[in-house]
Protein chains: 2
Amino acid sequence: MSAYAELMAFQRQTEALAQVAGRLGWDQETMMPRGSAEQRAEESGAIQAVLHARRTDPRIGDWLENAEAPNEAGAAQLRHIKRDHERATRVPGDLAEALARLTSRSQGIWAEARAKDDFTSFAPVLDEVLTLKRQEGQALADGGDVYDALLEDYEPETTAAEIAALFDAMRPGLVDLRARCLAHPERPALGGAFGAAEQLKLSRELAEVFGYDLSRGRIDQAVHPFSSGSGDDVRITTRVSEADPFNCLYSTIHEVGHACYEQNIGPQYALTPLGRGVSMGVHESQSRIYENQLGRSRPFCHWLYGRMRDAFGPMNVGEDEFYACVNRLHRGYIRTEADEVQYNLHIMLRFDLERALIAGDVQVSDLEAAWNDRFEADFGYKVDRPSNGVLQDVHWSVGLFGYFPTYALGNVYAGCLHEALQAAVPELEAQLGQGDLREATTWLKASVQQFGGLYAPRDLITQACGKAPGAAPLMGYLDAKFGALYPE
Amino acid sequence: MSAYAELMAFQRQTEALAQVAGRLGWDQETMMPRGSAEQRAEESGAIQAVLHARRTDPRIGDWLENAEAPNEAGAAQLRHIKRDHERATRVPGDLAEALARLTSRSQGIWAEARAKDDFTSFAPVLDEVLTLKRQEGQALADGGDVYDALLEDYEPETTAAEIAALFDAMRPGLVDLRARCLAHPERPALGGAFGAAEQLKLSRELAEVFGYDLSRGRIDQAVHPFSSGSGDDVRITTRVSEADPFNCLYSTIHEVGHACYEQNIGPQYALTPLGRGVSMGVHESQSRIYENQLGRSRPFCHWLYGRMRDAFGPMNVGEDEFYACVNRLHRGYIRTEADEVQYNLHIMLRFDLERALIAGDVQVSDLEAAWNDRFEADFGYKVDRPSNGVLQDVHWSVGLFGYFPTYALGNVYAGCLHEALQAAVPELEAQLGQGDLREATTWLKASVQQFGGLYAPRDLITQACGKAPGAAPLMGYLDAKFGALYPE
């Protein structure tokens, strides 16, 4: 066997084990009995230790030295393996295992703290997480920027400085647009109660309309909606609020965007480094364009309005009001419930705070106050309780520092892709009005999803759109859409 | 770190990975999307390869040479590790791989043959399985008895000769008891239809009544009921037939017996070789005593009758008839549907045939005839078709030679434990009549379950009962119970 073939056979087993580890994470959020958390922490630690040992296996270095890529895809495989191997060898094994154990434990503590609305019961373990993540970042950075080193896990070949520049350029426009919209009296949310069973049934239909292959996936309920797995086993979760059906329905469409990306990667890349979405930013571009540019569009809302009447009986709003409800700006607190305009401001808050936490410029003991101050500055009113503020997101509890900015980067990429999609599919509006997503999702599969990790994120978006990504398409789209919804 | 501590730390991680592999198996039977089977095969293969590499790791030999056990439990840990390591290293890697490949293929061929009722289409691959299992047994036996070497996987420190002596002594009495019962007109099964949701609700209540800790477990549906996992994450499955509620209810009680054994092992043994049930026979003794001696007893049926009336409305039988239904003998063919009397005859048939197959005294080409002759001799009527005879069980198709006798050994052990339990808990009958299993299950936990793998199976039962195990208690119990149900 050639060095390349040996390396790829070894890597294939590693990828299969990574899928097993991912399935264990899915189980923890959906199926695991509540009394199993401590044992699960050891199980997760053990499989992560196995993965770490494989990723740092010295044979990888030897194989890489002698491997000859058979083609362009092979060269991309080697690039991924080399980067992952270098990063893995930089993190000491005991640190990796300690992080896996700690974050499995700390997530439970976060959930309890959130339920009790008590940040102080979460702060000590967050401090431990932060300490270990800083150590990990320092090991990865090898003298470079610690936050950038963590960011690389989620958005390769992108720096915090680039993101900060992008965000800083967008922020005045967003603040202005938000202010213009919220100068209007706040619109009421959709009234009424919506049965959980009917919501789940409709969300399943939406998942299929957007192309999710349920023979290679499944939908369960969890506290925090997510997508998990690659290839032929990609699962999503959703959640149900009887008062707010859009929570369930749009969470589902969002996660379906992620899941379709994983399901639609070329099968020749299955269980290889190219067989996963290339970055969180590109991943988020798929979930966002499914959810927002397509799912929250005027024509799709026409179709959805009809389906909701079928599912829940007569609505107490007309179709235009319904569309306005789907896209209403609300003086809320929760990132995952935010509209397309304010969402990005939520991200910018987290991005700045987590950079400061990693840099040591903000201490955990001051985090709640820092969050509350920044929130009031950006949103104009005070956080009323920790579960509406600093405790609302799972990310930091599981050590996901560097993850948040990819959400807004995904919005930017989604804006670019939407512009290109509109040019490529002239009948898009009419199709959306009939709940027909086939041409749109086929274009996204052909332009983005099928390639998996073959191209670097920016190159992929550039190739799909015919030009380099920037904030202009997203900002133009938001101005037009929300300017019309909230006319001056 | 001492050699003992290093070995135990290594082993702990192996045990945690074995739990992960077990959870993956659970997922496959309960949650996995139908289109994920091929990918799952690679995932399972990858984690099994990791486990095999760890079990044959040469460092284990070095550690064992230098390890000093700190106490009795430590000595037992070392015995287990030594035995598992020796067994794992004796089987050549290519044989293990060939067996895994073959049995994965042969299971499908068996399923098709069963569906077609055609033994001849299964015979060739069964012959291949036998050839490889014989090779495996020879490698494991190291000059000793081949069947005993295979049996050791399921019932350590027990020989086929011992089991044969036990079974041969029981068989005439069972054949006679069976004939006496079936001299009566056959009783009808319970009539009516029983809602699936109500069955599942009642089975959940039964699980809790029998002491299953649902905060460290869960109940799902699967084609075949099973129990999976150890320590703080022990899950069971059940199945529902609307025509036959006893299928669901007694499957649940049976699996709860297995699950409680795993849940009740001393937490100091968690994720060590002592943290699992010590043998299949002892495991089955727990599931059987829960299901049969306790669950199918006259007083418990009084309580269950009331609960079923609460759940399903008025019954079309009185309480005595209900008890007789729960314990009816039926002229059937299928092991898994058999009553307490005939079940053991099913096992003895399989045990004798599989020993003869391994020894080469019966050829696969003669197996169907041998099965049918023996069945007619013990049951008094002919097998009507292979799916009701030699093709009914999956075990041989996946190479589980040596597994069958542990089912009847479990019945024998359950008989011994039941006798000791009655002596230890004088109020047992009255408690069962109130659906109160607390004292009974506490005694089983204290006498058997808590010890995990600390004592050898026979020693454990001897200690719990105050005398060596034998068939007399089971035979006496069956004679008394079924003699009263089918009076001469």
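Cβ coordinates are placed from backbone N, Cα and C, and glycine is handled just like the others.
Remember, it's a predicted structure, so these values are computed and weren't measured experimentally.
Now, the feature entries from TrEMBL:
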| type | residues | note |
| --- | --- | --- |
| ACT_SITE | B:GLU255 | active site, proton donor/acceptor |
| BINDING | B:HIS254, B:HIS258, B:GLU284 | Zn(2+) binding site |
Same chain, 6+ residues apart, C-beta under 8 Å of the C-beta of B:GLU284 (Zn(2+) binding site), given in sequence order: B:THR406, B:TYR407, B:LEU409, B:GLY410, B:ASN411, B:TYR413, B:ALA414
For the Zn(2+) site given as B:HIS254, B:HIS258, B:GLU284, which other residues of the same chain have their Cβ within 8 Å of the site's Cβ centre? B:SER227, B:GLU255, B:GLY257, B:HIS283, B:GLN286, B:SER287, B:ARG288, B:TYR290, B:GLU291, B:GLY410
Sort out the sequence-distant neighbours of the residue listed as 'active site, proton donor/acceptor' for me: same chain, 6+ apart, CB within less than 8 Å of its CB, listed by position. B:PRO225, B:PHE226, B:SER227, B:ILE236, B:THR237, B:THR238, B:SER287
Nonlocal residues around B:HIS254 (Zn(2+) binding site), in sequence order (Cβ under 8 Å, 6 or more apart): B:PRO225, B:SER287, B:ARG288, B:TYR290, B:GLU291
In the chain carrying B:HIS258 (Zn(2+) binding site), residues 6 or more apart in sequence that have Cβ under 8 angstroms from it: B:SER227, B:ILE236, B:GLY277, B:HIS283, B:GLN286, B:SER287
